[in-house]
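Trainee: One structure, pasted below without further comment.
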Amino acid sequence: MGAPMNPEFQLEGRAPGSLAGARIVVAMSGGVDSSVVAALAAASGAETIGVTLQLYDHGAAVGRTGSCCAGQDIRDARAVADRLGIAHYVFDYESRFRDSVIADFADEYAAGRTPIPCVRCNQGVKFTDLFGIARDLGADCLATGHYVRRVVGAGGRAELHRAADPARDQSYFLFATTRDQLDYLRFPLGAMPKPRVREIAAELGLGVAAKPDSQDICFVPDGDYASIVKRLRPEAAEEGEIVGLDGRVLGRHRGLIHFTVGQRRGIEIGGSPEPLYVVRLEPETKRLVVGPRRALAVSAAMLDDVNWIGEGYEGPLTAKVRSLAKPVPARFEDGAVRFDQPEYGVAPGQAAVLYAGDRVLGGGWIRATVPAELAVAA
């Protein structure tokens, strides 16, 4: 059974369903999602080329699967390409990935912020370097396995929308995608539930049909991100004081890299009449400031490096400050997100992404927060 036709590959200037002579480059990670995208592209009638970036290979080192773009993943991608009868190329981007993603990850933690390396990777390696490769190969578009939707708006420009399957939506991680990139990108899985994607892979006899999903941070073995940061920025692992909101020393911590704003676990301080949470990190003094939950309330988040793809929109919007958080009503004014109601656990280094319904309007990196005026005892 062949792969179904997918309208996502429609190209401007071509009649619907007419892709003869077109060329599509597919970003293939070796997982089931990108493999099905390659199958859908091949079924469209366009010449399809699979491209895999060798980014980081710790899979062999930790003896398990689930690490993105590792050696086994490259072999899986090549096997899928062979079965589909499409060309497949591998490019070594380990050095670039190390410098632009891993080093930035360590720097952010050392500065007391909470980074999102997947956004940095999409922003740089995947949607900049991979774009260059696709254009050099003469592709009419670049297709990926992200669960988001590309919708052509009333003005004829592409918009970024949430995936149809909310449990799989990855729009938060793609807020930095530019207008020009959206014009070139295709996301064939945005309207599909994940079980259907696996069904297509099984129907086509792809060996990755039952392959587990990759972990979120591909270069962090077993989720121990602190060991990565400690190796690259050892000063971030130095012990320091735990202090209350009034500056009173309450105890010692084993390194700021083990904490993020809003965290409760691991503080290990007894005698407090109410639970204590991380309110902020002060890397200059190595102090961990803790307080009650109400001390986490913020009224606004100041953003850096804002990417806005909501030109012309002036209606109500919502903001999302963590990948798994629910969007909340907010306003966007002068580079700041101002929440209608106090928001909790907003960490510098994270992203604030703005939505109008399902449409992504843009977002930016949280530089600082403005405390809500709630009564907080010292």
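Heads up, the Cβ atoms here are built off N, Cα and C, so glycines get one too.
Owing to the predicted nature of the structure, the values given are computational and were not obtained by experimental measurement.
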Trainee: For the ATP site that Swiss-Prot assigns to Ala27, Met28, Ser29, Gly30, Gly31, Val32, Asp33, Ser34, Gly145, which of Leu53, Leu174, Leu182, Leu204 is also named?
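Mentor: ATP site check in Swiss-Prot: besides Ala27, Met28, Ser29, Gly30, Gly31, Val32, Asp33, Ser34, Gly145, the record includes Leu53 out of Leu53, Leu174, Leu182, Leu204.
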Trainee: So which recorded positions out of Cys121, His146, Cys218, Gln350 end up within 10 angstroms of Asp33 (ATP binding site), measuring C-alpha to C-alpha?
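Mentor: Passing the 10 Å Cα cut: His146.
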Trainee: How far is it from Ser29 (ATP binding site) to Cys121 (active site, nucleophile), counting Cα to Cα, in Å?
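Mentor: Cα-Cα distance, Ser29 (ATP binding site) to Cys121 (active site, nucleophile): 13 Å.
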Trainee: For the ATP binding site, please report the maximum Cα-Cα distance among Ala27, Met28, Ser29, Gly30, Gly31, Val32, Asp33, Ser34, Leu53, Gly145 in Å.
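Mentor: The ATP-binding residues span at most 16 Å between Cα atoms.
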